[in-house]
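**Student:** I am attaching a structure below and will ask some questions about it afterwards.
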């Protein structure tokens, strides 16, 4: 490692990002703890030495350097400072197992044109400071970015500015001279305020655009599609095929021509199919992400220019067509509104209304301002301009930095899986290699004793290595996950990362979103609770019967619906709310004649029916002047409306009851607000509060657009409560109960009200009736008092969404029973615990079941905190507000109609959580099958190893076609078909083991090999004892001394053993269906067994090709079949005894070791001491 190895994580200057760790360039999916970057540059003497070594060793080092590129870099280049590096070595360490991944990249340079880095005067701040400095970095840092490295070459060409950068997994990292480090290219929305984004609406000059393109690169998501010759070289130089080539050469030298030819043909066909599939997949992915179109951009001075989408850079201002179309980049909407279909990215099938980004000094963030951001790859269904002639959007991200680029990157560079099974499998292969070495030493000794020529000894000894280390093991293991992936696809569950299927079998906890996941998507309006003065009126079941007034107008206008092809579209709750009023949405891009100015939309009342309306005169249409769309973080939305005859416009706010009440004038909030809210939420209803506020007169739509959200959403007057019924899906309760029976924790993570979430949790069985539920309530530090934390029993009337009655709180007692306690808390409480009570957080997480009012980023944080406790975490949601959590989870399942989603490795087309147990059952089946296949491949290799060693002892071996029959006809057939067994129909409590190097697995391998060895040696010695036995001529080496009796007996017995072992390790329960359900596998076993029985009794036509000696003694043939039967019974008895008796014996001999997982340790601690502390006073 170079002395100049620089960490890429740490403090960074404003506007710049560090190297985002993780294979998908996503901090949320990061699984690394540190990254190091080392620089290397050219050295003439090292280059000469490099070529000498390669030439003297006949090019073999080139192959090694392809597998180990760091070796080649260190031999050819010398370590140097990063400022002068030509090649970089990136080392990424996994935080869980401390393993390192190495990557090498080339530093590239590019001359930057003479165009100015300053923007046009229109986009300058009032103080003259340039706002086009991408990322709004501190003054001077932008010029460092473009520098603006003056190299010796630059001097010779007139001091041209040269940019140094490198590309890693699609992302571009640039050299910052003043920081002496590489940083990910800064994005426009990083560190920039919303006002800065709005100032960019004038666009970039052509010169500035060219400079930025040199820095950001073209706006393309480039998928390399290699030619067939390139793919052939890559595939042929794979270590697997390198071992195959070595083996084929060895077999040819040993005169195994037929076997070598067949393996060569099979390997060639495999390579060709792999090349075709790889290229086809690359082409399909390239065609899927390829997006090239002509777009219109603004230029300074009011000009417009049509350019190719690949020319776009952050800072360009797009003019969006009214008919919509695909978005070629990520952009912030600064003028107009767009109706967008984001199903390809988030899985949200409902069109989303995007509104113009509000101005302000707050920083712009694509995630925070999702409702104002258009993402690359999404489809704009329609665009409407209200202020000005055009719908405008400022480009914020291009290429791989976009949302679509993130999806492609996650496919191209999936996050590495830290799974014990895969590590143990590598260790086991290494152990087999050691065994091969021991066998080689033994064979050398035996062959030397038998006076075999030296060249024959070398060939035979190396041949033993090809027997012990099974080259087909990776392919056999891959087949398991492919079968599982295919079965999931048939059930409507699509997986873009097949290796994650096995992780599904190890899930210990699953988080669920509520709305649309546990409950129905649609909501039914139960009624409205109006407010008169400071008192609630009785529930009005039909909102259309409300008198004309602020509450009715709020219900009719406070939404983000839009018309698409004459049909209202938008959030289902908004649709139901408006439908209950009977009002009709009309969108008028022209001026509203009734109001006298241009408006966003008009809500028209139904035909006047005096007998149904509590009103004296018919209602009038209401015009919407401005919308502040719903924000998950703010938990509310608002509109500004006006109508003919109104003296001043009004603002209507709709959102979380607790939050809206907090924004209202306390004099307008009834004293029984909390009790009224609880009466509905405790029954499982969803409650939304509505409030209003008169505003100063705004003469036009343009003036309304200047209003800030803080101005509109403050000092409100509470109007009433909208009560909606959100029913559980019929599949929810059975699934939750099934998970709990199998000891898989079910956790609810929702943005809904805490009381509603608790009611749903009890209704679906997350919290059983006899189990205690405790509310966790925290308060921020204030007035010199530290933050406090209280635990309040849910049965107590004191716990109503954090509002407590101190007179009754202390009188309630609960018998301590930690095993049946569940905690419920809100997002604000979760944030306080994370910040002020970090030591208590693990205990809260271990017992937490309901997490309500959680913002999207808090959902992600919760999943990550659970993973820190070493839970294998699943997450199931609809993909709308769960994107981060779905990506961060070990197994994320998005409920969507799309086949692939950016948010998760699994996408289910079924709209219920039934997919969760399906994924778990398939994961357990796949993992258990992987164990079986691995055991079988190891046993197959060891069985053949024993056969060869026995025959080597007498200076013979298996024949050419005998090897072919064993490896291709018998072993390959059963290894492929044994993986077809489907998953068990019911989830059990036991999880499949994750460790391959465990006592049960190793005991099974050892005892089965003892049995195999005993049967083969028994058959061999029985043959020697027969009166008709004629020893082979040991002076002649194999295969020239074939056929002989010893070979015939060993081959016949071992052939049966491959079938017996395949059947013995293919047990069904508890993770797979019974063996008899795998019909193709049983048919193959029956056919192959019949052929082998016929081969023993009546060799017939196969005797000659297989080089078998004819045994005429029928009694001896039956004796051989008796040995086979004994082997069959013994193998199954061994597996049965090991499955049923070994665990009990191990428990008696050695007490079960306590799990080292962090959450298990916490569970034991909580079981030994009463926790949490119940009302004895708050913790501070």
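Just so you know, glycine gets a Cβ as well, placed from its N, Cα and C.
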**Student:** Which residue among 151, 310, 410 does Swiss-Prot mark as phosphoserine?
**Tutor:** 151
**Student:** Which one of 341, 1033 gets the tag N-linked glycosylation site in Swiss-Prot?
**Tutor:** 1033
**Student:** To which of the residue ranges 908-928, 1118-1138, 1139-1159 does Swiss-Prot assign the term transmembrane segment?
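**Tutor:** Within the set 908-928, 1118-1138, 1139-1159, Swiss-Prot attaches transmembrane segment to 1118-1138.
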**Student:** What range among 177-196, 197-216, 257-276, 277-296 does Swiss-Prot describe as transmembrane segment?
**Tutor:** 257-276
**Student:** Do residue 231 and residue 984 end up on the same side of the membrane, going by Swiss-Prot?
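**Tutor:** Yes, Swiss-Prot places residue 231 and residue 984 on the same side of the membrane.
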**Student:** Which range is it, out of 24-44, 45-65, 66-86, that shows up in Swiss-Prot as intramembrane segment?
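**Tutor:** The range carrying the intramembrane segment annotation in Swiss-Prot is 45-65.
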**Student:** Using Swiss-Prot as the reference, determine which range in 236-253, 344-361, 362-379 is annotated transmembrane segment.
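**Tutor:** That would be 236-253, per the transmembrane segment entry in Swiss-Prot.
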**Student:** Which of the recorded positions listed here (878, 882, 1033, 1110) have a Cα atom within 10 Å of the Cα of residue 513 (active site, 4-aspartylphosphate intermediate)?
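**Tutor:** Checking Cα-Cα distances against residue 513 (active site, 4-aspartylphosphate intermediate), the recorded positions within 10 Å turn out to be 878, 882.
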**Student:** Hey, which of 428-448, 464-484, 931-951, 995-1015, 1081-1101 has the most Cβ-Cβ pairs under 8 Å against the transmembrane segment (958-978)?
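**Tutor:** It is 931-951 that shares the most Cβ pairs under 8 Å with the transmembrane segment (958-978).
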**Student:** If I restrict to non-local contacts, at least six residues apart, and a C-beta distance under 8 angstroms, what lies near residue 1110 (N-linked glycosylation site) in its own chain?
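**Tutor:** Residues satisfying the criterion: 1099, 1103.
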**Student:** Tell me the residue counts in helix, strand and coil for the topological domain 'Lumenal' (449-463), as DSSP assigns them.
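**Tutor:** Computed counts for the topological domain 'Lumenal' (449-463) are 11 helix, 0 strand, 4 coil.
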**Student:** What is the interatomic distance between the Cα atoms of residue 882 (Mg(2+) binding site) and residue 1033 (N-linked glycosylation site), given in whole Å?
**Tutor:** 74
**Student:** Top stretch among 236-253, 931-951, 1049-1069, 1081-1101 for CB pairs under 8 A with the transmembrane segment (1118-1138)?
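**Tutor:** Checked against 236-253, 931-951, 1049-1069, 1081-1101; highest Cβ contact count belongs to 1049-1069.
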**Student:** With every protein chain in view, what's the tally of Cβ atoms within 10 Å of the Cβ of residue 1033 (N-linked glycosylation site), excluding that atom itself?
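**Tutor:** The Cβ of residue 1033 (N-linked glycosylation site) has 12 Cβ neighbours within 10 Å.
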**Student:** Using C-alpha atoms only, work out the spacing between residue 878 (Mg(2+) binding site) and residue 1033 (N-linked glycosylation site) and round it to an integer in Å.
**Tutor:** 74
**Student:** Considering only Cβ pairs within less than 8 angstroms, which of the stretches 236-253, 464-484, 931-951, 995-1015, 1081-1101 has the most against the transmembrane segment (1049-1069)?
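**Tutor:** If we count Cβ pairs closer than 8 Å to the transmembrane segment (1049-1069), 931-951 scores highest.
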